[in-house]
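Taken from Swiss-Prot, the feature UDP-alpha-D-glucose binding site covers Ser893, Arg894, Asp896, Ala1196, His1198, His1211, Gly1215, Thr1216, Asp1235, Gln1236. What Swiss-Prot lists as compositional bias 'Basic and acidic residues' is 1-14, 29-41, 125-138, 461-473, 490-499. Taken from Swiss-Prot, the feature compositional bias 'Polar residues' applies to 16-28, 101-112, 503-538, 1314-1325. Among the features that Swiss-Prot reports, domain 'GRAM 1' is placed at 234-283. Annotation comment: Swiss-Prot describes 285-382 as domain 'PH'. The region 'Disordered' annotation in Swiss-Prot covers 1-60, 83-190, 206-227, 458-538, 1314-1338.
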Amino acid sequence: MRPLRDDAKRRADRQLSASMKPTSSNRPFSDRVPDRFKDGDDAQFDFTAPPRGMGSRDGNVHYMQQSLFSMIAAVGSKSDFHARFDESSDSDGEMEEQPRVEQTTGKASSRTPPVPSLDPRQPSKRSEPSKLVLEERGRRHQRACSDNKLLQRLPKSDAEGGVNESSNQSDSLLKVPPLRRTRSATPRAAPVLSRMVEAQSHFDLTSATPYLPPNNPDKSMEDQPQSSASALSMRLMKMFEFAKPEKVLVEYACSLLQSMLLQGYMYVTEGHICFYAYLPKKSNVAIKSGYLSKRGRKNPKYHRYWFALKGDVLSYYADPSNLYFPSGHVDLRYGISASLTERKDGDAKDFQVTTDQRTYLFRADSATSAKEWVKALQQVIFRTHNEGDSVKVSFPIANVIDLEESPMADFAETFKIRVIDSGETYAIDEYFFSFFDSGQDAFNYIKGLVNAVSTTTATKEAQDQHDIKHQPESSRTAYKRQSVSSVRVSDQRREDSPRKRSSSVGNENQGSADSFAEQGTGSSPIIQSMTDTTESASQILHRSDVFQAPTMRTLQGRSLDVGESIRRYSDDTTPSASARLDLDAAVGSPCGTLGHNETTEDARYATGQSDLMQSSRPSSVTQLNELVKAGVYPLQRAAGFAEYLKSRSKQMSTLLATESMGYIEKVSGMWIGGQKHYGEREGPLLEDQNVDPEDNEGSFNYGDRFRAHFALPPTEKLQATYYAYLHRVLPLYGKIYISQKKLCFRSLIPGTRTKMILPFKDIENVEKEKGFRFGYHGLVVIIRGHEELFFEFNASDSRDDCAVTLHQNLESVKFLVESGLLAEDERDEVEAAKAEHRMLEEARLDSPEGHDAPPTLTEDSSEIHPFFDDPRASIINFKPPEPLRITCLTIGSRGDVQPYIALCKGLLAEGHKPKIATHAEFEPWIRKHGIDFAPVDGDPAELMRICVENGMFTYSFLREASLKFRGWIDDLLSSAWIGCQGSDLLIESPSAMAGIHIAEALRIPYFRGFTMPWTRTRAYPHAFAVPENRMGGAYNYITYVMFDNIFWKAIAGQVNRWRNNELGLKATTLDKMQQNKVPFLYNYSPSVVAPPLDYPDWIRITGYWFLNEGTDWTPPTELSNFIAQARSDGKKLVYIGFGSIVVSDPSALTRTVIESVLKADVRCILSKGWSDRLGDPASTKTEIPLPPEILQIQSAPHDWLFSQIDAAAHHGGAGTTGASLRAGVPTIVKPFFGDQFFFGSRVEDLGVGICMKKLNVSVFSRALWEATHSERMIVKARNLGIQIRNEDGVATAIQALYRDLEYAKTLARQKSLASSTPFSPTPTAKASPDGGDDDLDDIEEWTFVGDETGFDIAKRMRERAASDADRIGSNMFQ
């Protein structure tokens, strides 16, 4: 069998990509690079290397990741600080059940293909596939049908004589459902034999009787005049499938009440009472999340998990910061009810969720929380039962028994309508309607209408019975056939009005006698009314048969899947009733499956036709024999292998006696590894290796099993699978699943149950690397806001194939517009429901009756309102009532000061009094913007020189800093203390080192703000410790721990001496400072550095704090002419500027830049600042003449300059990177020290630029060409620029200040109470000269101690307090 065209093309692309030679970078080229950009002789040379002798012997700078943290890199992947290995918290009960399909591996469990439409009016194709595809589908279908031997060809009726039989040959075949259902999105299936007998009986009945077309509302509309009916009447006739338009007497805006509050409209017509509610839904929004305790299946102990209710799935996690690895889930698509569990004390904290397989027990922290969870779960279960985006209820007025007022709340009037279901069973349904206005008028009007109709209906029934009694037998028989196959019965009293549930098929299929799936629903109201004698709180969740789908359809080719139809039948009937079906009686009596609401005369008719049916169908015994043959077929394939194993292993022969060969095949295939790709129908493609063609014919359950494993919707189609190791604490062997929108993993080792569900929209990039073990090949998945994931494959072909497949899916997902609605395949249904709702609104407003009821839900609404839920708290304005004196403390270069100027300008606009404390050289710049200034000592150029010449925190850096910076740090601390006096709030860059202690002494709230990651996380490494290769979350986290300890050890002595002498505070330690508790404001974009999932609530990534100075800047004439000339020549324009750096050969670097620009054929704006020593005046002068393609400038505002160019190449500083990304241009980064390596890696991970490890003509020229010609990179950079420009970082930061201000005040009070002395600027009443026991309680109150026991805490804190008191006492008497 040949694969589909798109699959063949995908396979060809994959093979080509896999065969490409690996480049020096993991970044794939989107465009074919010209041959002139191949690596030359200088490819391994770096012209930005510092002078020989500076930092190391070989002249290369030893950055931080190459010195101190090299030992961390060796063991980083073996460390674990957050229990990354998901083990079961309760060994005897928490194991989630395996999908039922795995219990019957060897049986005929292949997924049934969709049932073709049998209505000749409906086309059977979706979009116009090619002839090859149609023929292939037909061959596949016929081959599967011939193997099954359980199918009947429907004979053509007279009504279908005009249809070409040959063209619909495959469409006339129907498959019997599988023996065991798979846990897919389809509803629960009825017992297999019951369904099979019912289907056979229905087929025989329809084949022995002439075809009677159902009443088509659309056709009836064309045959009758429409002038007498209003637009609203016509619309209601279509939506509720009335036989003719009915005049709308009155309408009301009301709500249908059960466990939900469904806002909609009630329409009272001449013959019916109708209710319509439009319910748009969104599946990508978390409805509710929080901590709950879950009880194991066998273990009565409760275990605490983090729960998230999203879409149709309730998932729970051991760690809320690791949401891609759920510990388990509850699939609410199979949910029956959610209810509180009553307790004797009356405080119901426990609740349970019942599904078709088991009952889950939960315990909340409070009774209120339990009620909120139950309401949220009931909402989701309700939506899963109502498959459409609208709810429709309709019943004849003649069936209404009575109305009764039922007051439930003071703000609404509620009454109950009791309706009889049918004349045979007299089952009664109750509907509660709540009116916020005109409730009494509605009650009186409907009650009077019911009383007026009751007499007329009784007279009409007597006349109808008299007419039927005198009808000829043939006429009566035709009437009975009509009652079985039609949607409605002509008798109004017995009318099974349009009270079916919503479905995904059109109206024609619902009314068709050939669609047997809908026939089973006819008896559901009666059966459920007989079994459920009392109305439960969640009956609306179970009684889903009253709902209907939108009747206005845009999908012409959607056909009903057999599994969906059978599941629909099962949900709409009582499970106990279907379980009681006797096989012998069912086989012997075809009428046993017609429904309980059929009269005895119906049974006699069906029995009388049995002789005619007997000649046209095989016996039931023959069919059952064929069924047994189909089930045994997999065992026949395994006969030879089973005999071989049987002679050698008695245990294996016992296994084979009970299990099919599929188990052995799966286990052997699992350890062999490899990959499989799946086509449109989720069968493996024959071009894949180790794929049996016979497996392809019966493999349509691959996708069902995949969706059942991970509780995914039916629209998530399986595309490829791979066997690989997931590296967490230990390599975990399992299976990778790739679908349209998700990357999933499931462990296959017994005793483990790790599962991963990773949406493609959260994946930033995929890179190929070496494996951790010899002979294995690694694949790194870079995730937005999460640590990297490492996979290992035993074959490079599988790794390359997986990488190419992931890149293809990432590209398709990134360019899709996220609508926030359901899956793409369901958008047509959503649009149909929207259109139906919109047309009904227009008809209602344009109706001449003058309906003026207010609108209810809009199309943008996404929630079902819980009934009488507690109102949400209003949004509180956290802005302080009085203006604050805010000081911003920072040191460093111009890029460190500029963000604070932008923030202070925003604070000025808010009415506050900001001040910036920094180096004196920036005072004129700061005061120009109307911001107060305070000087801080220290020469930033000297610090920059040490960093550039020695690398960040290398051994030589620490040695020189300890010799030259002792006095520098003392002056910095003292001047910062003076500059922060009189402040109400302090915001500090942590590099200033003094702010946290000053805020503690002044007892004022303290915030931190910085341009690079400084808070511990597993998602990113410390900005000063970026490794050359990705090391994983353990390494990332430990870099912060090591940096904090090294940084504190270097300054602890001076800081504690300064605290004692000038601040009057006790000496402190790293633990006591609790830096990880300080609220933090990061001034970079969340689109560039996504907030890690393990960040606490007080860590905010606000967006860039841009200072827009380019609007007032006038460019020189030479620069304007150069830009205009480049545009007129059609040349790409780039900016190159690496700042003030020290290189060994400045002229060689200049020559490299010139040759790279000429080779890339671009025009360049150059900002030169490199030299062989820092501060050299000749750094801005060029050593060699510049060609006319390059223009050198001294300075220009980045916001103006970057908007004029096509690409930017710079050193990767935080401010410069933010400016180039904001302009939406591709960015080339050549990092030198500090945080530049971190932002360079982020640029490359986002696909918006290139990070170069070395700079030479070969690498730089190719990077310039790709940045200016790669459409993939250009589009990504443009989209990222749009996102950044839409952010308002300053406003977000100010709102975060207001929100966390009270939290910061609390921290300040706790710390000041613990560390104050009589010499503090703000002494406390508890402080005593000898540091008595009064302080110990406060110390224990705020000190972070981790997981230590209470005894260890008290002992350790008392020892620390005594030591601190002795130290202070000795200092006082010295």
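Each residue, glycine too, has its Cβ placed from N, Cα and C.
Largest Cα-Cα distance over the residues recorded as binding UDP-alpha-D-glucose, namely Ser893, Arg894, Asp896, Ala1196, His1198, His1211, Gly1215, Thr1216, Asp1235, Gln1236, equals 23 Å.
Of all Cβ atoms in the shown protein chains, 23 besides its own fall within 10 Å of the Cβ of Gly1215 (UDP-alpha-D-glucose binding site).
Under a cutoff of 8 A between CB atoms, and with a sequence separation of 6+ in the same chain, the neighbours of His1198 (UDP-alpha-D-glucose binding site) are Gly1110, Gly1215, Thr1216, Ala1219, Ser1220. Using a 10 Å radius centred on the Cβ of Asp1235 (UDP-alpha-D-glucose binding site) and all shown protein chains, the other Cβ atoms total 22. A simple Cβ count within 10 Å picks out one of the binding-site residues Ser893, Asp896 as the most packed, and that one is Asp896. Across the domain 'GRAM 1' (234-283), the DSSP tally of helix, strand and coil residues reads 7 helix, 27 strand, 16 coil. The average per-residue pLDDT of the prediction over the domain 'GRAM 1' (234-283) is 82, rounded to a whole number. Counting residue by residue with DSSP, the domain 'PH' (285-382) contains 19 helix, 45 strand, 34 coil.
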